[in-house]
Protein chains: 2
Amino acid sequence: MMATVQSQQHFFEGAEKLSEWVKLLRVVRCEIISVTSNKDMDAYVLSESSMFVTKDRFILKTCGTTTLLSAVDYLLDLVKKKVGFDKVVDIFFSRKNFSRPELQHCVHQNFENEVSFCYSILSDGSAYTLGRINGDCWYLYTLEDEGVTHPDQTFELLMWDMCPDKMRIFTQEECKSGEEASQKSGIADIIPGIKIDDFLFDPCGYSMNGLLPGGYYITIHVTPEPHCSYVSFESNVPQESYHELIDKVLDVFRPGKFLMTIFANKASIARDTYKTLENQHTMKGYRRRDHQFCCFKNYTLTYTHYTKLSEGTQYSRPII
Amino acid sequence: MMATVQSQQHFFEGAEKLSEWVKLLRVVRCEIISVTSNKDMDAYVLSESSMFVTKDRFILKTCGTTTLLSAVDYLLDLVKKKVGFDKVVDIFFSRKNFSRPELQHCVHQNFENEVSFCYSILSDGSAYTLGRINGDCWYLYTLEDEGVTHPDQTFELLMWDMCPDKMRIFTQEECKSGEEASQKSGIADIIPGIKIDDFLFDPCGYSMNGLLPGGYYITIHVTPEPHCSYVSFESNVPQESYHELIDKVLDVFRPGKFLMTIFANKASIARDTYKTLENQHTMKGYRRRDHQFCCFKNYTLTYTHYTKLSEGTQYSRPII
């Protein structure tokens, strides 16, 4: 979830901010494990989740059976009453379809419930499904008001059916620390010069936030268990083309399948990147299964789904 | 629904074809009202529906509480056993979301049911939702095998919240025949030289098929009742840009809202038409609410949703 707020006078930073975030995260069922900061951003590693806070933006990325949407009401109340913001500029909530929705808490068991819940709080907003509703798909709830005018972009790679050899790195059997896992996997080399805050869970699982000057971040979360392996990569680093970054991330993880989303506003240098992807039917041993493009009020969104060539090339040809 | 089939030796035309179509349509709860033909195509006006048959393609367009999908099994059986086709080249099933899904017969009450039903028969295929799932949206089930190699395109305009003055033309109070309604409304002038087969229902409602040489058709269906006014326009006429056609159709009907879909394969001159629409934020007094683009195996699809400027321009700006 990402929310941008606006006010003439205020900032997210404030005297009691940490204790407020702890309370908010308790609602979501997350705990703060570690914090790093630079002058543009506070980056929190949570229990298999991440949170980023700038002066006007809040990003919360969770997984497992957290109750992300319960943060919305709390967040709006917090920024209004305690910090004095007066307007939501935009809000985005997105997720991949779950493999086991029945394991989720009530409102998160299906997207229709989540949409109703968001609408009941925000009284506005649009809900979309990208990809195949009878296969892999990705859900988005978005509310855009005026939009930010400075360049803004978010790149996300969601990967699953992961290479078991790569996943072993993210267990205590193979590595003793987050730092060792970051080095051994190649994560540390994805974006040179990034300030990394990484954590290796026991017995397995990995989370990292990376900060760059200018308010740029990357965040990676790894669920290495073979029966439900999953990795997410997200960054707001601006790129005219994301091909090099995609290559690097794919090399680190070698997923069986991945989906990619790119949000870019009009001022972003990434705004035309979807054009470079349009004819990209194959990519580094992967074949495209879906490619979609959406124009929203201030942002464009590119959605693309690829599967490994060796696993995903057989198109069944039914004989009637 | 559109299905294309393939065989070295056979054609849809056959000795008992009319009686076979009557039987198929009975399953769907439709009746044949009128037939026109040229050397490329047979065009049937049905009870508020249309059917088009060429040597290798079958198009059935229905509305109301017909049971369209019950035709699939019957059609596949028919073309295999009685006509000797051996392969489905592609099949497309699409519809707008219903205003009153509870009035539909079982399988058609929601798209998930329809998808399961299609998959149970075809053992393959992908399902998508274009547009807002908490607003106006459009569903598509598609199965593409090799695809046709000749140029192919389908343009569709679905319109609702219609201008009451325009809708009055399609009642027996205002017109005495389909021909009179076609003339008075301007439908007859949309595509010059087209061979029109039109029908005005009692007390109201209108259907038309129009044929052009080369296997091209247009078809229009009008539901004029104010509480559920709805018009569909569909054509496979190839255009590099559909702007002129859109203008003409909008002038005839003046809907409050419309959505447009354009399918085009690689060989079609319409294949780049989505590019001309990308920056079309307004169009003849309408403002765009959604614009999406999808690449399928052989076809691209453009989906666009517009609302009348006077009715659809207020974006609510929630104050938190």
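Backbone N, Cα and C atoms are what each Cβ position is placed from, and that goes for glycine too.
TrEMBL entries are annotated by machine, without manual review.
Worth saying up front: this structure is predicted, and the values here are computed from it rather than measured.
When secondary structure is read from DSSP and collapsed to three states, B:SER49 (active site, schiff-base intermediate with substrate) falls in the strand class. Long-range Cβ neighbours of B:SER49 (active site, schiff-base intermediate with substrate) (same chain, at least 6 residues apart, Cβ-Cβ under 8 Å): B:CYS30, B:LEU60, B:LYS61, B:THR62, B:CYS63, B:THR66, B:SER207, B:HIS221. Summarising the annotation, TrEMBL assigns active site, schiff-base intermediate with substrate to B:SER49.
Residues annotated as pyruvic acid (Ser) in TrEMBL: B:SER49.
Summarising the annotation, TrEMBL assigns active site, proton donor to B:CYS63.
According to TrEMBL, the active site, proton acceptor annotation covers B:SER207 (among others).
Every protein chain shown contributes to the tally, and the Cβ of B:HIS221 (active site, proton acceptor) ends up with 24 other Cβ atoms within 10 Å. DSSP assigns B:HIS221 (active site, proton acceptor) to a strand in the three-state reduction. TrEMBL lists B:HIS221 (among others) with the feature active site, proton acceptor.
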Three-state secondary structure, which DSSP defines for B:CYS63 (active site, proton donor): coil
